[in-house]
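Database features, via TrEMBL:
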- B:12-29: transmembrane segment (TRANSMEM)
- B:81-104: transmembrane segment (TRANSMEM)
- B:220-242: transmembrane segment (TRANSMEM)
- B:305-323: transmembrane segment (TRANSMEM)
- B:329-347: transmembrane segment (TRANSMEM)
- B:354-373: transmembrane segment (TRANSMEM)
- B:379-404: transmembrane segment (TRANSMEM)
Amino acid sequence: MYFKLFYVVSALSLFSKCLCLGEKDEIQNHCDLLRQWLAPSSVRVELNKKGFHREVTTTVEFRSKELSSVKVLLIHRWPRDVYVDPYQLASLSDQNDWKILLDSAIDLEVPAHKASGFVTYVYPFSTGPTSKLFKVTIPIHGRYHKPSFDGKMLKSVDIEVPELLLRSEKCAQLSSLEPHTVVDAPCTASNSSTCSWVKVKPQQDLNPVSFQLPVGDGSLVAHVCGGTLLVTMICCVALSKYMWKHQVI
Amino acid sequence: MEKLISKLTEKHILFTASFVIRLALVAYGDYQDRTMAVKYTDIDYHVFTDAARFITEGESPYNRSTYRYTPLLAWLLTPNIYLNMVFGKILFIVCDVLSGLLIYKVLCLRGLRAETARCVSSLWLLNPLPMGVSSRGNAESILAALVLGTLLCMERRAQRLTWAALLYGLSVHMKIYPVTYALPIALTLRTAEIRVDEAKKVSRFKKLVGFFVGFFNQDLLLFASVAGGVFFTLTGLFYYMYGWQFLYETYLYHLTRRDIRHNFSPYFYMLYLTAESTWSQWLGLAAFLPQFALLLVTSWMYYKDLAFCCFLHTAIFVTFNKVCTSQYFLWYLCLLPLVIPNLSLTVKQGLGLLLLWFAGQAIWLGPAYFLEFEGYNTFLWIWLAGLLFQVVNCFILIQIVTHYKPTKTPLRLKAE
């Protein structure tokens with residue numbers, strides 16, 4: 001009888017081992033697929049429009065086949081020379097196939113030297129079952145800068161290439177994906193929890209995209225002040241003179 | 001009888017037509033917002049609606065960044081959230097047509113025939129500028145109605161002084177600029193010094209005392225207490241509800257506002273270049289003095305014709321202000337129809353001045369567009385265009401002042 005029990009127990013344990021191995025295999029599959037996604041993919045940043053109102057378009061193309069459980073995250077680190085309008089982003093949100101999260105409140109009016117840089121987390125979602133291309137266009141606006149005193153009429157603003165991060169809900173053992181870096185970031189745009197993400201190494205070192213913003217000419221300050229006050233004084237005196245002459249008694 | 005009926009019909013047609021056209025624009029605006037990339041509705045309307053939404057959630061309207069108005073406006077627009085988002089626009093166009101009606105009534109009280117008054121009112125009622133502004137969702141028409149209501153009640157101040165004070169207090173609460181009317185109103189309501197014989201020599205001191213004592217009469221004290229009561233009650237109530245942020249966003253921000261970003265003001269570039277320098281405060285004061293001096297001069301020279309005085313006050317305030325955007329123009333344009341019947345300018349001259357005013361704006365808008373949307377450094381051109389626009393505005397004001405013939409008799413005009 002004990003022999004029978006022994007055979008049943010070993011059969012059961014063998015069976016459960018197989019099951020566990022099967023689950024482990026599945027996890028390993030997901031992690032392997034995630035590793036495939038980490039293979040060098042291209043990240044392209046383009047700048048559109050001119051002047052103080054621009055559009056930054058980030059295009060990401062993956063080499064691997066689509067896997068529905070993989071989530072993508074783009075982290076843009078913006079300089080203080082620009083800002084995004086959260087209200088504009090909210091009004092555009094239903095037209096976009098991505099969601100955005102800002103790391104801090106944005107002051108829309110303050111000049112650049114009084115502002116600070118900020119971070120945006122963009123969560124694109126796939127538009128179809130076979131898509132491996134993500135395109136995100138973020139409208140940005142230039143801030144006013146301090147006037148220049150060295151004759152330079154334009155100030156350069158650099159926009160860094162965003163970081164590309166991935167995670168899979170079904171692959172929790174991100175340590176198996178070394179040497180890729182693991183980073184903590186909000187899981188979704190609703191910012192209700194933090195997840196571990198894997199950072200994708202860029203194909204090649206990409207230079208930041210840059211554009212230029214006009215700045216005032218500080219060397220003209222005396223002329224501008226003098227000219228402005230002179231004209232306004234003349235207007236003030238002329239108007240007073242005519243009002244005095246034609247007053248209603 | 002037939003003539004009377006036809007007159008009434010005409011009046012009703014004018015006001016009905018002006019309301020229907022505005023309603024059509026609101027409907028079109030809704031269509032454009034839903035179908036095209038460029039939106040019809042002004043960004044300000046979204047600011048008001050967002051602030052109203054915060055109020056419906058029991059929070060402060062100032063949680064909405066760039067909401068710099070009285071909470072009363074957000075409270076008025078809460079039906080935008082409870083009923084339909086178009087409620088606010090309907091309210092604004094109703095106030096717009098009401099402003100037209102108030103212009104008509106003031107003109108009738110100033111001695112114009114009903115037909116002429118209707119003609120002049122149509123300059124506001126059928127004017128595309130206020131039509132566009134109200135249907136896009138700007139709240140300027142509420143203030144226009146309040147200011148015109150104050151002027152109408154002041155024309156009939158024997159019976160309507162309390163109403164004038166009430167409307168005035170409310171208008172100052174909503175926007176600061178009507179506070180400049182306080183001096184001409186005070187000069188109008190005070191007991192004027194009795195004219196004495198030229199031969200009898202009255203000491204200067206006695207004259208001065210007489211002048212100041214004249215301010216302490218029943219009418220002026222009633223006006224000051226009612227207007228002041230309304231203003232301070234509302235301010236106190238909203239301060240209790242929303243704290244310091246209410247005071248800052250509604251009043252202090254506008255009083256200390258130094259927008260270094262490009263705008264019509266001739267001071268914009270000067271303030272931008274000196275924003276961080278130690279001279280900044282002194283230059284701000286230097287910019288304030290001509291504005292203040294002109295307002296004093298205008299009050300003293302024109303208080304006897306209150307409508308004209310208020311028009312000049314606001315036009316001067318806007319022209320010499322440190323910040324000037326196109327929204328400000330409506331503050332004095334709503335008073336222009338009250339002034340027009342008294343101008344001895346020909347139609348050709350009037351149209352010429354109007355074209356000059358538009359040309360001044362166009363000359364500024366050119367370099368401003370190239371700066372903001374093309375990225376060229378046109379700061380110097382914008383500055384020069386701003387100075388030119390100020391000269392154009394002053395020239396127009398001088399023409400208006402020189403060609404103005406007041407209606408009240410008997411008055412002598414000090415001719416050249």
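Our numbering is plain: 1 for the first residue shown, then up by one each step along the chain.
Any Cβ shown, glycine's included, is placed from N, Cα and C.
Residues of the same chain lying 6 or more positions beyond the ends of the transmembrane segment (B:354-373) and with a Cβ under 8 Å from any Cβ of it are 262, 264, 326, 379, 381-382, 385-386, 388-389, 392-393, 395-396. Annotation: stretch B:329-347 has the most Cβ pairs under 8 Å to the transmembrane segment (B:305-323), among B:12-29, B:81-104, B:220-242, B:329-347, B:379-404. For the transmembrane segment (B:379-404), the residues of the chain that approach it from at least six positions outside its boundaries are 262, 264-266, 268-269, 272, 308, 312, 315-316, 319-320, 339, 342-345, 349, 353, 356-357, 359-361, 363-364, 366-368, 371, judged by C-beta separation under 8 angstroms. If one looks beyond the transmembrane segment (B:220-242) by at least 6 residues along the same chain, the residues whose Cβ comes under 8 Å of a Cβ in the stretch are 60-62, 70-72, 161-162, 164-166, 168-170, 172-173, 185-186, 189-190, 250.
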